[in-house]
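J.: Provided herewith is a single structure, encoded as structure tokens, for subsequent inquiry.
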């Protein structure tokens, strides 16, 4: 059995997919798509090493200790070149994680022809009439190239060292005069590029798990600036001490959302040692944090918030706070509840030295079946 490693390309921006979630993080059952696709291929062969390119290494490492991860580049070729630095096996298989349902039959066809050329690649024939600039092309000469592809590692590295932009391995190797061998591709190996493609693939649907997160934050009164809660001005001068604008509710809610998704906390994302967050709009930071959560495949179910303050009274502001949260997070207002309570004059809150907020949220996997 030939020594071979596997590279899975999962660092793309999913621009053409055109949803809030990056396609590599769509959930298939409980697995993100990148993991589902990698598990599928790794079940067919005892790869020497499996390398996954990523734009979110810390989060992806939570799913497995069996793979190596490397930060992707700005292009496919750059990502592949970086991943190849970790590969020393004679052969390397490269695939896009967006080709989720590669079959064992296709995999075996690639392996069986390993000694035929420098790069073995699956390809589909074109059945439909094909036009270019309104001129009919000879469809018999057209091939739709797919992945996974198997290449001789040294030759692929050399091909990419040309620093030219190639969209797949076979064209890079062919540009150097290398020999390409085509095997029959398959419809199931078509790339998931547009959200409409989901309807063409028989994929497991997301599981119905719910993820709960809590966030707690405290700030001291003392700044002669507006007191903001959920971006709503509560008092013109009773501001809270903070590196940002001091919106303690926004901070608590941000932590709750990050926690439910497993993305750390607000201090990691927006450190108070970074001057670019000085006096920052905390509701805008909340929105950015939720955008990151949505990118990795989650969406909010509901929010419940308890504001603890002896003063000022908040009854007349709760509706405005709920509305502003709904607008910021693109969430139905009926899914948001803001409560206010005192501590009956006990403790630092009762002494009017500061205020605290406890936020709880529930997340679920993004339901891509609605697309």
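Glycine is no exception: its Cβ is also placed from the backbone N, Cα and C atoms.
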J.: For the divalent metal cation site that Swiss-Prot assigns to 217, 219, which of 251, 327 is also named?
T.: 251
J.: Given the recorded positions 139, 217, 243, 341, 348, which lie within 10 A of residue 251 (divalent metal cation binding site) by CA-CA distance?
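T.: Among 139, 217, 243, 341, 348, the ones whose Cα sits within 10 Å of that of residue 251 (divalent metal cation binding site) are 217.
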J.: Just name the winner among 16, 23, 139, 243 (the recorded sites) by count of other CB atoms within 10 A of its CB.
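T.: Selected residue: 23.
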J.: With the divalent metal cation site defined by 217, 219, 251, which remaining residues of that chain have Cβ atoms positioned within 8 Å of the Cβ centroid?
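T.: Neighbours within 8 Å of the Cβ centroid, excluding 217, 219, 251: 218, 240, 242, 246, 247, 248, 249, 250, 252, 356, 357.
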J.: Which has the fewest other CB atoms in a 10 Å radius around its CB: 191, 219, the listed recorded positions?
T.: 191
